[in-house]
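Reviewing the structure listed below.
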Amino acid sequence: MSPDLPDSFPHAEVVVDLGAVRHNVRLLAARAAESGAATMAVVKADGYGHGAVPVAKAALEAGATWLGACSLAEALALRAAGITARVFSWLDLPEVDYAPGIVQNVDLSVSTAEQLARIAATARRVGLPARVHLKIDTGLSRSGCIPRDWPELVKAAAAEPDVEVVAIWSHLACADEPGHPSIDRQAERFRTAYEVAREAGLNPLRHIANSAAALSRPDLRFDLVRPGIAIYGLNPLPQREDLRPAMTFRSTVVLTKRIDAGESVSYGQTWTAPRDTTLALVPAGYADGVPRTLSGRMSVWLAGRRRPVVGRVCMDQLVVDCGDDEPAVGAEVILFGPGADGEPTAREWADEIGTIDYEIVTGMYRPRVPRRYLGQE
Ligand SMILES: *Cc1c(COP(=O)(O)O)cnc(C)c1O
């Protein structure tokens, strides 16, 4: 089966609740508005595995006025889908052609004088001004201009007629640990960078807050917040927030069987039935996004309760121990979901294998697993 052909009987599927996305964006946009800030919904990496275009449209319906993409290609994919809202993109190879971005009104990030010069030259060539956001590295040490080089960068940008400086921006290292001293240190450097930009004659917008800061640090919302994970309903903060996880990963029972005590299950025979029991076979495995490292450490929601997955997770399938219950062939199996009914969550998977829920949901973007949308308007 080619991944390009729709599968009428997908073994496993991702269901994305756009109503949940709208709920989350409404909440974030309302909080931002309390501080006079606009909201940029970050839809990089195909909307954290949820689908960039449907999520972007839902976010715009719910009050976001900007979209954030990683690469220019991701930004242009939003434009190709007919989205006309402001789109900001911030990471590309040095040799990228900025022309389509400038022509299609995509805001571009600038960290260096060379980048500024290339963007300005491209703007001159296409005959349109480029909209740029100058990035100050306040302590994350990824992209961005180090404070020592900042005065020169803002001066060059201010003197560049083909470039419109829309904003200055930065990104926080530890916003998900409220009270971490680096947050205030980065904020202080950001304020200083703003003063330097103003002294150079610029009057830019400011943005620094990801989801965690947008929710927990009203003072860092400035003109614009850039939530990503929270629009998908996952909470990066230790405290509770009224967010609704948008993604459910589900499959179906394809076979049940009774085995005797002493029979073993799956490759390596790592699990042996301690009693006679009923097994349910589920056609979802590591090729579908179930981490093999969850073997022996996960459960699924099946026929009204949690049941353990036994033996190794295989490429295409896994086996659930149902004890003396016999679920129907065709019964729904929830691998993870919002958690409201007691089903496992992406967060539980992440905690179990030592990662973050960002990686779990983003990793669900795979051609083998179709996505279905609820609440599409
Ligand atoms: C991914 C990203 C965000 C969103 O971060 P979350 O923690 O998902 O809210 C914001 N800004 C930049 C630059 C990013 O790369």
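Glycine residues also receive a Cβ, built from the backbone N, Cα and C atoms like all the rest.
It should be emphasised that the depicted structure is a prediction, and the values quoted were computed from it without experimental measurement.
Taken from TrEMBL, the feature active site, proton acceptor applies to K44, Y267. The substrate binding site annotation in TrEMBL covers R142, M315. Per TrEMBL, domain 'Alanine racemase C-terminal' is recorded for 246-374. Among the features that TrEMBL reports, N6-(pyridoxal phosphate)lysine is placed at K44.
Everything TrEMBL records as a feature, shown here on the structure.
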residue: K44; record: active site, proton acceptor; Cβ within 10 Å: 19
residue: R142; record: substrate binding site; Cβ within 10 Å: 10
residue: Y267; record: active site, proton acceptor; Cβ within 10 Å: 12
residue: M315; record: substrate binding site; Cβ within 10 Å: 11
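Counting only the Cα atoms, the space from K44 (active site, proton acceptor) to M315 (substrate binding site) is about 27 angstrom.
Distance between Cα atoms for R142 (substrate binding site) and Y267 (active site, proton acceptor): 42 Å, as a whole number. In three-state terms derived from DSSP, R142 (substrate binding site) belongs to neither a helical nor a strand segment and is classed as coil. Rounded to a whole number, the C-alpha distance linking Y267 (active site, proton acceptor) with M315 (substrate binding site) is 11 angstrom.
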